[in-house]
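As recorded in TrEMBL, the features of this protein are as follows:
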- 3-36: domain 'RecX first three-helical' (DOMAIN)
- 44-85: domain 'RecX second three-helical' (DOMAIN)
- 72-100: region 'Disordered' (REGION)
- 88-99: compositional bias 'Basic and acidic residues' (COMPBIAS)
């Protein structure tokens, strides 16, 4: 059963332990099985976490706090998660955030109207926040990208930073 789980997709030790618990395998037996799989190199939480960070940051452009939360949900211990997250730099995150904003900023939208501009700004900042970016960084990046697109008069909206 565990081999099927591992061939379908990489899994953390905690995820596999949960599957064994669902099948009502005793905790002692589950621990022995999981230890053996680790000895054979079939389970490696450090490699799983590193792969997960690479994959999710490339596909979803998630920031480190969001990735840290997801790794915790997968049962990865904080130290292992931190080592995996160390492969991402703040500059990597900034570039990913800029790419997201550029992709979402619609050139056909008329942002000359201050109300429309503020609405677009708030939506883009919220989109970055949902992906784990700090509010200050998100606002700075959105403001910069909007300025690159020729939008002027961008003031910091109240309550954002």
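In case you wondered, yes, glycine gets a Cβ from its N, Cα and C as well.
In TrEMBL, annotation is done automatically, which means it is predicted and not curated.
Proximity of distant same-chain residues to the domain 'RecX second three-helical' (44-85), defined by a Cβ-Cβ separation under 8 Å and at least 6 residues beyond the stretch ends, is recorded for 10-15, 17-18, 38, 92-93, 96-97, 99-100, 128, 131-134.
Long-range contacts of the domain 'RecX first three-helical' (3-36) within the same chain, counting only residues at least 6 positions beyond its ends with a Cβ under 8 Å from a Cβ of the stretch, are 42-43, 45, 48-49, 51-52, 74-76. Taken residue by residue, the domain 'RecX first three-helical' (3-36) breaks down under DSSP into 26 helix, 0 strand, 8 coil. Note on the domain 'RecX second three-helical' (44-85): mean pLDDT across this stretch is 96.
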